[in-house]
Amino acid sequence: MVDYHAANQSYQYGPSSGGNGAGGGGSMGDYMAQEDDWDRDLLLDPAWEKQQRKTFTAWCNSHLRKAGTQIENIDEDFRDGLKLMLLLEVISGERLPKPERGKMRVHKINNVNKALDFIASKGVKLVSIGAEEIVDGNAKMTLGMIWTIILRFAIQDISVEETSAKEGLLLWCQRKTAPYKNVNVQNFHISWKDGLAFNALIHRHRPELIEYDKLRKDDPVTNLNNAFEVAEKYLDIPKMLDAEDIVNTARPDEKAIMTYVSSFYHAFSGAQKAETAANRICKVLAVNQENEHLMEDYERLASDLLEWIRRTIPWLEDRVPQKTIQEMQQKLEDFRDYRRVHKPPKVQEKCQLEINFNTLQTKLRLSNRPAFMPSEGRMVSDVNTGWQHLEQAEKGYEEWLLNEIRRLERLDHLAEKFRQKASIHEAWTDGKEAMLKHRDYETATLSDIKALIRKHEAFESDLAAHQDRVEQIAAIAQELNELDYYDSHNVNTRCQKICDQWDALGSLTHSRREALEKTEKQLETIDQLHLEYAKRAAPFNNWMESAMEDLQDMFIVHTIEEIEGLISAHDQFKSTLPDADKEREAILAIHKEAQRIAESNHIKLLGSNPYTTVTPQIINSKWEKVQQLVPKRDHALLEEQTKQQSNEHLRRQFASQANIMGPWIQTKMEEIGRISIEMNGTLEDQLSHLKQYERSIVDYKPNQDLLEQQHQLIQEALIFDNKHTNYTMEHIRVGWEQLLTTIARTINEVENQILTRDAKGISQEQMQEFRASFNHFDKDHGGALGPEEFKACLISLGYDVENDRQKQTGSMDADDFRALLISTGYSLGDAEFNRIMSVVDPNHSGLVTFQAFIDFMSRETTDTDTADQVIASFKVLAGDKNFITAEELRRELPPDQAEYCIARMAPYQGPDAVPGALDYKSFSTALYGESDL
């Protein structure tokens, strides 16, 4: 006996080493594991106590009336122990020790103890219920004791599918009320509040007593009174509750409802049987014709799809990079056309191919035909293998295209940067070699030599300042080589020329310095102001050149943060301009001071400043150039900021739609999963519901198209990442394709169930009972059962082999069931169960799908067409002859099926043959694959 009461929250029972009854020695040991909860939970609600008083009183009186007595007050009438002992004798059928007739308290306690000892002898150990509390009229303990008796003698023996008494009773109620609208029994309290469940139980077993369609869910009092009155009048079930007490209580008492419902359970027993009938010959021929069409369609679809895959894979595996961005963008556009235009129809064709194959195999299996074996190379596994190769080739293709575009874009940027820096450097070095080779110091005066030395120092300072630029040019050229730039040869040639020239400048500079220093002692006068001017003008000039170079430098960014960083750096640069202007004015002031001194001292300056070529005009010219480039840089940065803001808008727009559609697809996938295991209405209703669901999904397609358009805009803007969503267009496409495939497969499963039901004559109630049992044991709702779950499910629906104990419990565990089948001649040992598993799980996956379960149950519970049965049917049509004529076939069968038989039947060769005689026996045998048709 399954231990229901270990989960009950009314009492706590101690372990018992012995016990009798159907439950076995150990079931009552855990029978009252929660007695302490009686104080905490049961009597907190006065409404529950009222319901229990009425229900338990009515239940006791239903048994005491058999002995010609009854009780009025449950906590008063059992105080002397006499009626308590009488109640136990009636419900157990056994004699208790003779009661004591005295009126004293000790006599009452002794009588109650005799009753409690009898209860304990039945395997129940009462922990907190004593005779003194019963004698004192303790309502709480008295109700607890009666509930213990009800559990032991009325509910314990109810067991369904190896579940506890409570779960077994609940499962029985769910099965019996499943076909009724507005009835959903999930518990023993609020599920019964509207009264429809009580009426459904009666109507299921005695439909003539209840007009169920006239009952209204919004009139619970009428529903409850109707059920209670009919049960009392026609089923001999006393009225145990008032309708008003149930309706006016937020949560009716579970124990009162369980007591009442257990009376209905004991009142009803039996099972319904369904009969099936079908016209065997017409059905067999129609199935054969349809199967041939499905085979032809499969071969055609598989051939076309495999040919398309064969042509497409080499294109996707082509990874030859192009030299320009435009060429790579064209390849990306071709790939988008493939994803958007060419692949979706092929996804649908593949899904349809699998559906056709599964439907064909199901029909062949249902009609006992051999399984369909496609042509070599056209198996579903071949198509799936080809499709996997296609997706593997496709997987990295788009990423490769985008990476190539990024690489080419960076290469163009680096090449332009190289050209700019090289041009600036070459312009600076122009004439420097000639200047360094000039031997003007040989004829110069001392002052001229001093000037030449200072000028050379300034040049060395300038030369050092340009060292970084040369290193940058070499680094850029190196990076272009590493990134495989297509014009690397010209870049390397130019870079090498610059490096060679730079080395020559260094050598010439060193030689000139040595020559100037050799005659330095002869030079004494120097113009300090010109020297100071030269020293300050050179770095300032370099700063302006660097500033102009930076202001004209190209930039590439991909996010709003990057452009804002450039804008911030540019603003910081602009903040240094006032200090730079002060430095410029200071340098010009030095030049003006030199001129003032020369004029005041009547000194005639010959030519320009001998120490530098950077004149005030050059400084002012470059300063004006910097002033002109700053607003241009502002404009370029603002344009890029606008572009990035637009890109950010595209990102947010796409993310907003994707964050809606992604969860929507996931929700729809989960809802389809729930629909596939729920039992709402007939299979046709479920099929109609699923097709409506499919249409609603198809109607959602414009949202996916809108997202594709937004993704197109993002791709055209060369946006490569999106921090606002975790969904990519690839995720959405894959999810959408999986959603369409899942709904199509689910519809196909229901259609196959209808085929199974119609082919095997399975009633709607049987189909729902099969589904209910399958779902009950599919604990993880995965749509498949493991071996142990499948075995338990077979036992719950299986073979009704009876003996005394199984009649009492209504179910048994796996070992008892196997032993019972063996004792009655049915073998269900490990070998037999392994045989059944090989039928329902031919691939040895360890899982049994609902379709395989239905196929097995249909073969076990209904008759199936066989070759012998078809031969017998043809013999009836032929008037008991061993052959049949074309005229008889055309007279007895529909035209198309008659012609089908005539075209395929061989001439009859027996001794009693007549002209035009046809051999229907070999034809019937060929239909079931036992010979060639």
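Going from the start of the chain as shown, residues are counted 1 onward.
Cβ atoms are placed via backbone N, Cα and C, with glycine included.
TrEMBL annotations: computationally assigned, not manually curated.
Residues or ranges marked as coiled coil by TrEMBL: 449-483. The annotation domain 'Calponin-homology (CH)' is assigned in TrEMBL to 50-154, 163-269. The domain 'EF-hand' feature in TrEMBL is assigned to 765-800, 828-863.
Broken down with DSSP, the domain 'EF-hand' (765-800) shows 24 helix, 2 strand, 10 coil. Summarised by DSSP class, the composition of the domain 'Calponin-homology (CH)' (50-154) is 67 helix, 2 strand, 36 coil. Using DSSP to sort the residues of the domain 'Calponin-homology (CH)' (163-269) gives these counts of helix, strand and coil: 66 helix, 0 strand, 41 coil. When pLDDT values are averaged over the domain 'EF-hand' (765-800), the model yields 71.
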